[in-house]
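Taken from TrEMBL, the feature transmembrane segment covers B:27-44, B:50-69, B:76-95, B:101-123, B:130-148, B:183-200, B:237-259, B:271-302, B:322-344.
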Amino acid sequence: MPDQLLFGMEVFLNGLMAGVLYALVALGFVLIYKASGIFNYAQGVMALFAALTLVGIMEGQVPFSHLINAIFGTEVHHFGWHLPAVVGIVLTIVVMIGLAWAVNAFIMRHLVNQEPIILFMATIGLAYFMEGLGDLMWGADIKKLDVGLPQGINTAIDEATYDFFGYGFFIDNLDIWATVIAIILVAALMLFSQYTKQGRALRAVADDHQAALSVGISLNFIWVLVWSIAGFVALVAGIMWGAKSGVQFSLSLIALKALPVLMLGGFTSIPGAIVGGLIIGVGEKLFEFAIGPLVGGATENWFAYVLALIFLVFRPQGLFGEKIIERV
Amino acid sequence: MFYREAGEFKTSYVDDNQTFPIRFDRYRYYAVLAVAFLIVPFVINDYWANAVLLPFLIYAIAAIGLNILVGYCGQVSLGTGGFMAVGAYATYKLMTAFPDINIFFHIVMAGGITAIVGVLFGLPSLRIKGFYLAVATLAAQFFLVWLFNRVPWFYNNSASGQINAPERTVFGQAVTGPATEAWATYLFCLVFTVASALLARNLTRGAMGRRWMAIRDMDIAAEIIGVNPLISKLTAFAVSSFFVGIAGALFFAVYLGAVEVGEVYGINKSFLVLFMIIIGGLGSIFGSFAGAAFLVLLPVLLKNVLVGTLGWPTGLASHFEIMILGFLIIVFLVAEPHGLAQLWRVTKEKLRLWPFPH
């Protein structure tokens, strides 16, 4: 087989894995958008915040230590414990649920019935707030996140492909794990929304707020639930990206990667988020591989957006979005 | 006492159609202009010009531009940073290619070029609406910044990849380059700001502005009563990009002097200008000024208090600043979703009746 084709295949597989991670972030967007019509820009920052909190709890950092030191002139840094990953994850989930409650109680409840653009702006404000809060709580330095997932080249695939093609594919163990976990997560979400009482209530709210309210579903509870689930999804995404490239500010920028995924897949469709994520992941990696060197590289920054833009001109509601019906 | 309409009789259409129909309002406006043009240039110093006044004037132009698109025509755009970059690079190319022409014309032409680019990226708005369009404009943001970063022609093959504004003069006084004086740059920007505000105000009051507002309120209904959506949306994109391009040009040439595109015209710039018009008030020229003033002054104030008075480390203070900014945006949206302009309107109503509110 020609080398270019083999490289291309490797790029394709890696793109697929990256696409799964994009899909994971996009999923959080879709969940909140479906249930409350809020376009939650803060999803990426939630992933950053969750990852920061997880690292902070596991390492036993004192929250706001820099702030406390600056104000009182003390020298506190760590509590001096190291918690196992499982405990850290559980505690972080508790924090994210608390955050979901706070967001609803202090922001979203006051903005019910406002125009979507106002809600969107509120989530951008929330994103800024949480970005500052996360840095203030846990410090802005780059942190290593190790929850015990295997990392590095997968030797089994490397050897198998070497035997078969005469060229070993480089595929990161972490990417494989991320894919598996993402699939499990999506399956769990599907089962949850299909077979549990809360899941049904969630779908009812997504379908029609007022009808759901009239049959006795508590909108407040559902919104807190949805934001909690989105927080959980953000945590998973944060762990994956954090383990890959360290927990740092750039983590919040994955939200920007998820936006074209959403456009492509449609804001209201969970399968759309996944398929969109895969298309974008593969598309941008292959484009960078094939065209990137000709035009100076770093095309990943914009390729996804331009692809989504061109696609939307032909299909304005995205791949799986609900058909937009306009009435006067 | 204030905003009295009693005794003001409009006897001609010209009187009736004035920008500020109430006499008190008109005099207040003249007074502000007089202070800005005749008093401030004499008392200005470098710190005030660079920290407060220049950014305020330039952001006000950008905010007016974005407000035309978002506030008046209802097309949400997140590509402001990219369009500002177009203005900046257009000015740079024009300045270096035609050094004999006055910089004033370069900047206006840069606005024109940005308007053309804006129309190109505005074309999808005919098919795509709402959030889909907002995200689609991000394509402009990322693509344009990448383009200016990667194609050496745009930065004249300079080794650093930066663009630097050479010295240019207006009436013999340097307004760009290293040896400028605070009052000259201030006046130069002020002329553009006042002209933009006047132009925008009159455009939005006229037939074009009404078409934009019809499209904003409901595009299908507007189409049915005979508003051409193609022309309305694209003129909104063109006019908006024109102002944003001028703002980007001034930001580069007069304010910063040297620009690295990803840093200065990144996505954060787009959000900053969007915050300005949300906090200031959508669909209001005054709101654009108020929002720009608020978001320019807030960081300066916070920095002075936190770093200067309390002695916090700068890094910590900047995180705190981001947090406060986010917090304030949320507070504003919850308390007054229509922004500072709405507060101003309410105050005016109160003043008209004061001191006898019945």
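Glycine is treated like the rest: Cβ placed from N, Cα and C.
Remember, it's a predicted structure, so these values are computed and weren't measured experimentally.
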Inquiry  = For the transmembrane segment (B:76-95), give me same-chain residues lying six or more residues beyond its boundaries with a C-beta closer than 8 angstroms to one of its C-beta atoms, as numbers and ranges.
reply    = 62, 65-66, 69-70, 101, 103, 106-107, 109-111, 113-114, 117-118, 121, 130-131, 133-135, 137-145, 148, 154-156, 163, 165-166, 168, 176, 240-241, 244-249, 251-253, 259, 261, 264-271, 273-274
Inquiry  = Using a cut-off of under 8 Å between C-beta atoms, tell me which stretch among B:27-44, B:50-69, B:130-148, B:183-200 contacts the transmembrane segment (B:237-259) the most.
reply    = B:50-69
Query = Looking at B:27-44, B:130-148, B:183-200, B:271-302, which one has the highest count of Cβ pairs under 8 angstroms to the transmembrane segment (B:50-69)?
reply = B:271-302
Query = Same chain, outside the transmembrane segment (B:101-123) by at least 6, Cβ under 8 Å from its Cβ: which residues?
reply = 75, 79, 83, 86-88, 90-91, 94-95, 137, 139-140, 144, 168-170, 175-176, 192, 233-234, 236-246, 248-250, 253
Ask   = Cβ pairs under 8 Å with the transmembrane segment (B:183-200): which stretch of B:27-44, B:130-148, B:271-302, B:322-344 has the most?
value = B:27-44
